[in-house]
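Shown next, in structure tokens, is the structure this report addresses.
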């Protein structure tokens, strides 16, 4: 399995998040990307390997190699490393009571060993050792056994939410045990045949180091161009009626433009171009939401356009009216269509949509 993993997705195709989207507490329809290595997946999983004392001995034999890696990392001034005198083994017994990392108790962190310094800033590049267990203590993945620390960039949706959320609270050198339901792990579907459906998992994690991310874009023009590339891919999927994939690329395009590190200090012309580009992207997202009959998200994306303070067009009011109609907010939908017709009085499509909304409201009131 390639460790270059896709964005988390929910059933609507929108970028996943950790919030409760309805249904039972601690449940989710998300099928999230795991941390699983090629070496683990290349061998049969019918007899999963268990952590044993021999594994711990192997880990101890590899301490010198890990410490050498830490010493090399210290040459980078922007890299924060754990003490090279400490080995990279992960202790097995939590020393403190659990800390609830979410509002529903679906993600619990227990500190095994304290770290030092500051927690990683957003979008840092972090290096960790980890062990992943099913709830019956079966080990399904271990960077420790491979003597191969795992590195990824935070904020890129490249790991399951449980890993991302936990590491965002850890200091360098800290070791922790993470207990999570499927909501922040592999979702209701699991990852057959390696991870069963709808299971809780346990991770033991040690934060070895982090370094600040260097700028991806040297200037505003390259930032806009990268965003446009994602938007064009989204447009292509839209033309093919693949609205979920289209949403994915529109969201990524917005994510690029919403990075405060990249957009700080823009001049007036650049800020206008940034705002206009975001308005188009949110309008495209709303169109996808409407195609997928998701009025609630359609309204939300239209409201983001209002927050940006852009000039509202007939097309905007048309989309927002459609979204309100899907959400059965017919009075709001009619007001939007009336405003759209004021801006484009000769557009038959707008008048037809207004009549359609009136009919839907009448049927709903029967």
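If you go along the chain as it appears here, the first residue is 1 and each next one adds 1.
Any Cβ shown, glycine's included, is placed from N, Cα and C.
Features of the protein shown, as given by Swiss-Prot:
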- 11-26: compositional bias 'Low complexity' (COMPBIAS)
- 47-92: compositional bias 'Low complexity' (COMPBIAS)
- 123-211: domain 'PPIase FKBP-type' (DOMAIN)
- 1-26: region 'Disordered' (REGION)
- 47-97: region 'Disordered' (REGION)
- 227-260: repeat 'TPR 1' (REPEAT)
- 279-312: repeat 'TPR 2' (REPEAT)
- 314-347: repeat 'TPR 3' (REPEAT)
Item to check | For the repeat 'TPR 2' (279-312), distant same-chain residues with Cβ under 8 A (at least six beyond the ends) | outcome: 12-14, 227, 231, 234-235, 238, 241, 243-244, 246-247, 250-251, 253-254, 257, 319-320, 322-329, 339
Checklist entry - What mean pLDDT score does the repeat 'TPR 3' (314-347) have in the model? => result 94
